Amino acid sequence: MAQAGGAGAGAWGRRGAGAGAGPERAPWRWAPALLWLAAATAAAAAAGDPSRRQWPVPYKRFSFRPEPDPYCQAKYTFCPTGSPIPVMKDDDVIEVFRLQAPVWEFKYGDLLGHLKIMHDAIGFRSTLTEKNYTMEWYELFQLGNCTFPHLRPEMNAPFWCNQGAACFFEGIDDNHWKENGTLVLVATISGGMFNKMAKWVKQDNETGIYYETWTVQASPKKEAEKWFESYDCSKFVLRTYEKLAELGADFKKIETNYTRIFLYSGEPTYLGNETSVFGPTGNKTLALAIKKFYYPFKPHLSTKEFLLSLLQIFDAVVIHREFYLFYNFEYWFLPMKSPFIKITYEEIPLPNRKNRTLSGL
């Protein structure tokens with residue numbers, strides 16, 4: 001299994017519309033496809049390795065970020081105008097902004113905003129220099145590649161182009177965030193706190209390397225057992241807020257909501273990693289079942305093929321109640337349950353200050 005890479009601290013930058021043609025999973029089809037599946041499933045009315053029964057399964061962190069595989073190409077260039085995070089003067093006063101706008105707003109405007117499918121970021125403004133900055137975390141090779149693999153004829157195992165990384169650049173695009181989303185002040189911090197946050201962001205970015213679309217739990221109830229947590233743009237924002245609160249930031253009392261995509265299943269079954277499933281001594285029947293499940297999610301050449309694949313996905317997930325999840329570079333089987341999949345826009349409050357000695361302000 002190859003994993004795309006190349007988003008270390010020196011590669012941070014602003015997303016853009018530059019394009020390199022490649023095997024990118026077309027978002028203009030799979031975004032409405034997810035919505036269709038969510039609507040359709042809402043209308044439709046095991047034993048693994050005991051040592052792995054820690055729920056939710058902890059997100060695995062790594063000691064380094066691997067280099068990108070040339071096969072993995074993004075339609076929209078990752079972070080093309082990025083810059084290193086600047087060192088602020090300790091006595092500077094930094095305003096912190098909550099930024100939120102519809103996913104793919106640059107292409108579809110407010111279309112996905114009406115469905116509350118939002119992208120999250122953080123803005124900063126230095127009082128001393130009057131410079132603005134944007135910081136966000138997102139997929140290197142677009143959402144489809146982070147969610148589903150490529151089935152390459154020359155490879156036995158599915159091939160994943162899944163990485164996410166931090167992006168930092170000077171400036172805040174007011175129109176982008178205000179027109180169809182949110183740009184609001186949530187906290188004020190010192191330059192010293194900002195510098196400590198920057199060191200934490202670098203470490204977080206170097207060790208948390210892959211994107212996870214799904215939150216998987218037993219039911220829609222708030223107290224339901226959670227099997228897997230997502231790891232996406234909103235989780236990066238929430239982690240950063242928590243770090244700032246730990247450093248002493250005092251957040252305003254305002255409502256903050258975030259998009260989440262849920263899968264609902266019974267207790268997952270651990271299947272193994274790439275070698276144990278797809279290697280020479282692997283389970284060929286299981287390997288074939290996993291590849292058969294992922295086959296309908298491949299890039300499509302025609303509308304007819306795309307619609308046929310939607311029916312195959314519905315049959316697998318809803319009728320046969322099966323889903324194969326790739327998490328921490330390991331495969332899991334999810335025995336799906338009604339309502340199967342749901343997209344929500346939930347409130348997650350801003351954190352309370354952890355440290356009452358706010359030095360430098």
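The backbone N, Cα and C atoms fix where each Cβ goes, and this holds for glycine too.
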Cysteine of CYS161, CYS167 paired with CYS79 via disulfide, per Swiss-Prot: CYS167
Among CYS146, CYS161, cysteine joined to CYS72 by disulfide in Swiss-Prot: CYS161
Of the recorded positions listed as CYS79, CYS161, ASN180, ASN257, ASN283, the one whose CA lies nearest the CA of ASN205 (N-linked glycosylation site): CYS79
For ASN283 (N-linked glycosylation site): DSSP state (helix, strand, coil): coil
Confidence summary (mean pLDDT) of the topological domain 'Cytoplasmic' (1-30): 40
Nearest of the recorded positions (ASN132, ASN145, CYS233) to ASN257 (N-linked glycosylation site) - Cα to Cα: CYS233
